[in-house]
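Below: one structure, written as structure tokens.
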Amino acid sequence: MATLTTTQTSPSLLGGVVIIGGTIIGAGMFSLPVVMSGAWFFWSMAALVFTWFCMLHSGLMILEANLNYRIGSSFDTITKDLLGKGWNIVNGISIAFVLYILTYAYISASGSILHHTFAEMSLNVPARAAGFAFALLVAFVVWLSTKAVSRMTAIVLGAKVITFFLTFGSLLGHVQPATLFNVAESHASYTPYLLMTLPFCLASFGYHGNVPSLMKYYGKDPRTIVKCLIYGTLLALALYSVWLLGTMGNIPRPEFIGIAQKGGNIDVLVQALSGVLNSRSLDLLLVVFSNFAVASSFLGVTLGLFDYLADLFGFDDSAMGRFKTALLTFVPPIVGGLLYPNGFLYAIGYAGLAATIWAAIVPALLARKSRERFGSPKFRVWGGKPMIVLILLFGVGNALVHILSSFNLLPVYQ
């Protein structure tokens, strides 16, 4: 008698890598060349690699703690159980702050890049009006349903990937070694400007809220999830490296001072690249890629904020319930975008400040507490207590750097 056996196929590794990489890589990458222009390419790469290392391990610490709970347990549940209500409130406030500030940043970014796009078509549309209209469009899509956001994101993400490779292939072909090595400034100093890049680097590696989602996706399979985190974050690091190479290899260092003085928004950077490349087709690719990058980031962040607020205030999934959530989600950042349309760089910096809590400090504390309570029956991040201390110092150090920078106590490249 024959025995029929069935094998259950597990989700592919690629799916998890795309989730992590796609979450990390967004419009925030446009801030990196501007804030890193003082430290320039090689020191900026050192800051990025160090941040990648710390943010990868803080994510692994969330995984270590998460594996001791049932599948589906959220970041909020784990924090409340291990660290208590006080830390959970602090963590929740920091998450909400980051999502709100990023929503504002993307309204600012969408206004600037749409203004630039319309200008290319000889149409004068103010950045405030463009950002407001785009925010209303995204609000409508988010209000409709999560499925609508998912479908729209899939379309935008596909277009972003295609334009990314076309754009960066062209950018790298125009890189000038003399510009990249800053030959024109023989006595330039770089290290004084290194510290202020760290909060922006931290904000550029945020994926930690997705770790519990990966456990839903793969089950309690630490080996696969660890690979997803490593490969996904490495993908982001590689793309950021190419982006810095493409921008700093084409735009001379002193020109970034003017870009920063104009607010450092996406349209200013795209204009600067267009000015040095003199390529109409590359100009078009840059504009199209910028629009898709902003749209995908905007959709992802606002959906996260929408779901967070719906859960926090207990709004149901009816049309009226979703309308209330949409009002809470979009009205504050839209008002901010109308009042301060050029705050993209500042917003990304403040997101980095708040993200130190839930992307560095809290994960380290979770790992320490979970080891005390559970040991490490399923998975343990290597490095022992020294690694926990390093991640804590990384988080606290980032917060201090941002505070010092806010009070103009750190050197600024100008």
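From the backbone N, Cα and C atoms, a Cβ is placed for every residue, glycine too.
Keep in mind the model is a prediction, meaning the values are calculated, not measured.
According to TrEMBL, the feature transmembrane segment maps to 12-34 (among others).
Marked as transmembrane segment by TrEMBL: 40-65 (among others).
Marked as transmembrane segment by TrEMBL: 86-107 (among others). Long-range Cβ contacts of the transmembrane segment (86-107) within its own chain (Cβ-Cβ under 8 Å, at least 6 residues beyond either end) map to 27-28, 75-76, 79-80, 131-132, 134-135, 206, 209, 294, 297-298, 301-302, 304-305, 308-309, 312, 329-330, 332-334, 336-337, 343-344, 347-348, 350-351, 354-355, 357-358, 362, 365.
Beyond the ends of the transmembrane segment (127-145), by six or more residues, the same chain brings 107-108, 110-112, 114-115, 118, 152, 267, 295, 298-299, 302-303, 306, 322-323, 326, 329-330, 333-334, 337-338, 341-342 to within a C-beta distance below 8 angstroms of the stretch. Per TrEMBL, the feature transmembrane segment maps to 127-145 (among others).
Within the chain, the transmembrane segment (152-175) has long-range Cβ neighbours (under 8 A, six or more residues past its boundaries) at 22, 141, 239, 242-243, 245-247, 249-250, 273, 277, 279, 281-282, 285-286, 288-289, 292-293, 295-296, 299-300. Look at TrEMBL and you will find 152-175 (among others) tagged as transmembrane segment.
Marked as transmembrane segment by TrEMBL: 187-207 (among others). Beyond the transmembrane segment (187-207), the same-chain residues lying 6 or more positions past its ends with a Cβ under 8 Å from any Cβ of the stretch are 20, 23-24, 28-29, 31-32, 35-36, 38-40, 42-44, 46-48, 50-52, 55-56, 59, 98, 229, 232-233, 236, 240, 253, 348-349, 351-353, 355-356, 359-360, 397-398, 401-402, 404-405, 410-413.
Annotation source TrEMBL lists transmembrane segment at 228-246 (among others).
Annotation source TrEMBL lists transmembrane segment at 284-309 (among others).
Per TrEMBL, the feature transmembrane segment maps to 321-340 (among others).
If you look up TrEMBL, you'll see 346-367 (among others) marked as transmembrane segment.
Residues or ranges marked as transmembrane segment by TrEMBL: 388-410 (among others).
The stretch in closest packing with the transmembrane segment (12-34), judged by the count of Cβ pairs under 8 Å and taken from 40-65, 228-246, 321-340, 388-410, is 228-246. Counted over residue pairs separated by six or more positions, the transmembrane segment (346-367) shares at least 3 Cβ pairs under 8 angstroms with the transmembrane segment (40-65), which defines the two as touching. When the stretches 40-65, 228-246, 284-309 are ranked by Cβ pairs under 8 Å to the transmembrane segment (388-410), first place goes to 40-65.
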